[in-house]
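Asks: Please read through the structure below; I'll follow up with questions.
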Amino acid sequence: MNTPKVNILHAPGQAAQLSRALISTCHTRPLLLAGSRVATSLHPTQTNLSSPSPRNFSTTSVTRLKDFFPAKETAYIRQTPPAWPHHGWTEEEMTSVVPEHRKPETVGDWLAWKLVRICRWATDIATGIRPEQQVDKHHPTTATSADKPLTEAQWLVRFIFLESIAGVPGMVAGMLRHLHSLRRLKRDNGWIETLLEESYNERMHLLTFMKMCEPGLLMKTLILGAQGVFFNAMFLSYLISPKITHRFVGYLEEEAVHTYTRCIREIEEGHLPKWSDEKFEIPEMAVRYWRMPEGKRTMKDLIHYIRADEAVHRGVNHTLSNLDQKEDPNPFVSDYKEGEGGRRPVNPALKPTGFERAEVIG
């Protein structure tokens with residue numbers, strides 16, 4: 001039995017050039033992009049049309065990736081459902097999400113914003129984004145057009161790198177607030193659960209993309225280093241100033257919304273033909289987690305769901321940054337009074353700059 005071929009991609013400095021080669025040729029020649037093995041199958045051959053197509057994209061031989069996290073077979077357990085089931089999104093909610101930026105108002109806001117810009121710069125380098133693929137630097141969080149689009153391979157590398165560290169802030173904040181609650185012998189007023197759920201949701205984004213892309217040694221090394229630095233930085237930052245840290249995460253989620261919005265635009269404009277192909281299948285775990293209906297399971301639909309999640313994190317963290325970090329309850333899980341001016345906050349995905357304290361606490 002022949003071993004299936006897998007396209008190999010790494011070397012971030014040559015990402016754009018090598019990714020172009022991936023699209024323009026029909027060869028299974030090894031390519032390198034940030035240490036990732038990307039499964040690529042766009043048009044199945046005539047002999048394979050009758051068999052189920054794999055969740056990948058290749059133009060020559062059918063490529064299959066090993067399952068990085070197969071379910072462990074046990075004598076009694078059939079499956080383990082998500083600890084936090086996703087509530088799902090309506091199409092109107094998803095299409096209403098737009099990139100937006102909250103202007104810094106304090107020194108802490110300004111510091112958080114500048115740190116995010118540094119992170120964006122480092123991520124662009126790590127994932128091989130070339131100057132001609134950059135958006136307008138005067139409007140980096142809202143501009144979504146560039147002189148040259150990214151390729152599918154570049155997008156997957158970028159998604160995996162971003163999502164591998166995006167799950168860190170919620171876990172760090174939830175852990176520290178949990179320990180703080182134990183030390184003070186006081187309730188946390190609903191913050192911990194929201195923060196941990198955010199971290200869990202980001203991890204599901206990562207696992208979904210890993211079903212389409214196998215990280216190579218270089219990518220794993222970059223992720224290991226980035227996560228180690230980011231975890232410790234978030235840990236110290238949250239101990240010093242939770243308010244600034246939540247603002248930082250809010251700005252970070254603005255970048256995430258911008259990233260996925262640009263990807264959606266490039267799919268719609270036909271720059272990513274493999275993801276526009278009707279035969280392309282998204283991972284089954286994504287269909288189950290987001291409860292995606294029949295007829296709404298394209299790559300574009302998947303990115304819409306993930307972008308809506310990121311928009312929620314954006315609104316939640318900007319709101320939490322506006323609150324009293326020690327005393328205020330979490331407005332997104334609280335029951336509100338009726339008839340006394342109190343009002344439940346609307347979907348945070350639709351409030352890009354977050355709610356001010358007076359709007360949700362009084």
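Placement of Cβ uses the backbone N, Cα and C atoms for every residue, glycine included.
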Asks: With E202, H205, E310 listed by Swiss-Prot as Fe cation 1-binding, which of these, E163, E269, E278, is given for the same site?
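Replies: Among the candidates, Swiss-Prot records only E163 at this Fe cation 1 site.
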Asks: Looking at Fe cation 2 binding as recorded in Swiss-Prot, which candidate out of E152, E253, E359 goes with E202, E310, H313?
Replies: E253
Asks: H313 (Fe cation 2 binding site): which of the binding-site residues E163, E202, H205 is the nearest Cα neighbour?
Replies: E202
Asks: Consider the binding-site residues E163, E202, H205, E310 and say which one has the Cα lying nearest the Cα of E253 (Fe cation 2 binding site).
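Replies: Answer for the nearest of the binding-site residues: E310.
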Asks: Provide the number of Cβ atoms within 10 Å of the Cβ of E163 (Fe cation 1 binding site), excluding the reference atom itself.
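Replies: Other Cβ atoms within 10 Å of E163 (Fe cation 1 binding site): 22.
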Asks: Report the residues of the chain - excluding E163, E202, H205, E310 - with C-beta within 8 Å of the mean position of the site's C-beta atoms, for the recorded Fe cation 1 site, in sequence order.
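Replies: Not counting the recorded site residues, we get L162, A166, G167, N201, R203, M204, L206, A256, I306, D309.
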